[in-house]
Amino acid sequence: MPPPAPPRRRPAPAAAGGAGSWDSARVLLALAVLYGALSLLAYRVIHMRHVAPLGADAPPGEFAEGRVLRHLHRLAVDIPGRQEGSPGLEAAAQYIKGELEGLAARAGPEYRIEVEETLVSGSFSMMFLRHRVTLGYRNHKNIVMRISSNVSEDDDPSLLVNGHFDSPLGSPGAADCGSCVASMLELSRLIIDSGWVPPRPVIFLFNGAEELFLLGSHGFIKTHTWNSSIGAFINIEASGSGGTDLVCQSGPGSWPSRVYAQTAKYPMANSVAQDMFGIIPGDTDYRIFAEDITNIPGLDIIFVLGGYFYHTSYDTLENLFPGSIQARGENLFHLVKAFTNSMSLKENETSNKAAKDGIEDSRAVFFDYLTWFMVFYSRDVSLILHSLPIAIFFLVPLFLKFPNITLMSWSITLLDLIRGMLLHAFGVILAIFIPAGAAALRLLFTKNAMNWFAHPYLAFFMFVPASLVGLLLPRSIWGLSEQTHFWGSFGLYSVITMAYMLAGLSGGFLTFFISMSMLLGQFISSIIKRQWNQQSPKSLVAYVVPMIPCLLYCIYYGGFLIQFLIEKMGMMGSLPKPYGYFVPDIIVGAVVGLVVGWCFGPLAPVATRWLSKTSILQGLLQITVVALAISSQLFPYSTGAPKRVVLQHTYVTDANDVVDSNYGFSVVDANSLEFLFNNAPEAAKWLKDNSELSFEEKYRSDRSSWVALYPVPFLFSGSLKFQAQTDEIRKHYHNFPQLHVQKTWSNNGQRRVHLNLSLGSLSEIWTAVLNVTGPLSNWSFADNMLPAPQTVSGGPPSYICRLSGKSDVDWSFWLEANSSESLRIDVAVLDQYLVDSTKKLKSLFPSWADLTAFTTFFSTYYL
């Protein structure tokens, strides 16, 4: 009998830090380096660091940012302010007109140059910030220039280039929109000095009343003799200090975006921007030209980064992004050439045929690849392309089971892949909810929201590791093969692509790009795996390298979205406590998670094998906890990322007497006025005569006290007001706004009251607002058409009209009532003059708080 065989020895377990852990560490480090390098490249592109600005001494045949800055210095530095009601607005108009007349004087005989100064007046109703407002305006100044050949006719179809030279309250308006009109001055010079004679006329509209709700463009398109010849337009705007000059809106039809895709030197556009544009509070002149008044095809091109300074006193020359204006100018010159040579412009002479022909193609898909080139395809092509991934997903079970294909095997395999899809979807959901939850949890233990606002890098350290944990966690808990996980994630991106298409939206290009790049990476990886061990990190390299172009675009697109979102959170409005305090942090955390879902999600099926180890997940969570702790010690604001504060000094008047005076404060982000005054102790003490400032209910004010800014106060919550002196204003103004009844007409229960609004001796008026409540049945504004009533602070239905323009002449109008019940009219006149005490109060706030301060004269009448 043979002796028993000795027992087989089991291999010793790998020590901690053995080969598996070392491979995981190498993979994590390599991916961190890769994503870091791609992020650095995307950052430089987003901030236009790759565009070298030309100086003022550049050749005359080139667009030069240096020459634009010379114009801008005159408009935003030498001229103290370009607000409606201020002397600077007229000074800016005369400077622009003088520069254009100088160009016309030295243009060659082959050009026909016409320069006009026009005054526009009118009245209309519109929706703004989701509220109805009626506008009445008079004598707003536009400067218009038409450049054409000496053989052109007045009715030749033309291209309109529009920008506004007025600036918002309290802002120098260097970017918004001094940069626009300065670029237009340089562009008009370039057309003449380059010797290029446009084959069709180019009209430059320098409009002087955009900030007052698009009045300058409305007046031009309704009254100017050249308006019927416009076949296309380019509107340039700024909601930030530079960066990508994004095409935010395009249409009607796809022709304008197609011209842009074929022409722009530094293309910056994606079709998803138009889907999202309505989310951001605000609007542009694009709306007047392409939607509300006419349907002219055009482009809305906007500086969108540097939003920290938008509508603040920090919108200065020094805060512009170098290279941004250069890229904008070169793009504009190419676009002007392309539009004026386009046959579609020529066909557009009378009926906007291009818009009508292209309306079915209005959802064309387009996007730029890091401003290097543009991808554009029609809606019909997208129906085919964007259906491919989902078709491939349903064919994959046949490929995996080949040659043993049966209906049962196909069904079982498809169900397995759907399980992988659901698991990956769950990972993406966790990637969104974990950082959002971490953001909310942090706010339970700290006193400040939005700590990442002045430190955007914090958002990445706080939320990216937590998002990665969410992506990696499901597979580490539930066993799933790499093959099932890969095809399941591919299926998820395919389904999202199809959902976008069926919804008629244009964002499916991103998930389409991801899914097709995953196929390419899987194909190359499968070839390489035949030579290398499937468990080796080298197989991951074979998958990742072909995906680098897709990953770079995802980081570029996602990084831009996060930076834009962070900047805009400073002006998106404040929501009531207690939940409003959490909203911005939760939104930013969730969006970072979403971006991680498309930036790292395509790698997760292959990389999870190395990265789902407990030690790595714990390390990522530790980074999150440390970043959350550090963020709680940092202040949310700085002079580079100021907090917006609104200060209204209100005088309540009765005839020519001041009966009350108060300071009103409001903010437009999540950190309340209590936060503001706790961190501005000097201002707080001054308001309460060196006693502790109270936030009792008696100091609260509702939106009705802010009607001079209507409808902007719908972004406010938790406003406060404090008593102020009543007599100081008498040193500057002797007569206050008053409403007088001229005559009353009655017939069969109807009565019409003719009124006269005198604005007194006020000299820096921005706007006057009428808030009418009661049995109003008609009025003389907006072509005698009464809009739908609005409700302010839970009060009775209101009809609100904003009046702007020349203030030394009274406003005359009539109101009609259909009963004997009294009409109530609240009159709020916003004037930019500040008494010395208000200036003193404003100066007591720290530099990180940017105050927009003004004076309102409020009175009430019963008729």
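Using N, Cα and C of the backbone, Cβ positions are placed for all residues, glycine too.
Residues annotated as transmembrane segment in TrEMBL: 27-46, 383-402, 422-445, 457-478, 498-520, 540-566, 586-604, 616-635. TrEMBL lists 142-335 with the feature domain 'Peptidase M28'. For 641-861, the entry in TrEMBL reads domain 'Endoplasmic reticulum metallopeptidase 1-like C-terminal'.
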Taking the transmembrane segment (498-520) as the first stretch and the transmembrane segment (540-566) as the second, find out whether 3 or more Cβ pairs fall under 8 Å, excluding pairs closer than 6 in sequence.
yes
Which sequence positions outside the transmembrane segment (586-604), separated from its termini by at least 6 residues, show Cβ-Cβ distances below 8 Å to it?
31, 35, 424, 427-428, 431-440, 452, 459-460, 462-464, 466-468, 470-472, 475, 485, 489, 493, 510-511, 514, 517-518, 521, 543-544, 547, 550-551, 554-555, 558-559, 561-562, 565-566, 569
Between 27-46, 383-402, 422-445, 540-566, who has the most Cβ pairs under 8 Å to the transmembrane segment (457-478)?
422-445
Across the domain 'Endoplasmic reticulum metallopeptidase 1-like C-terminal' (641-861), average pLDDT on the 0 to 100 scale
92
Lying 6 or more residues past either end of the transmembrane segment (27-46) yet within Cβ distance under 8 Å of it, the residues of that chain are 243-244, 305, 370-371, 537, 540, 544, 548, 551-552, 555-556, 559-560, 563, 599-600, 603, 607, 610-611, 616
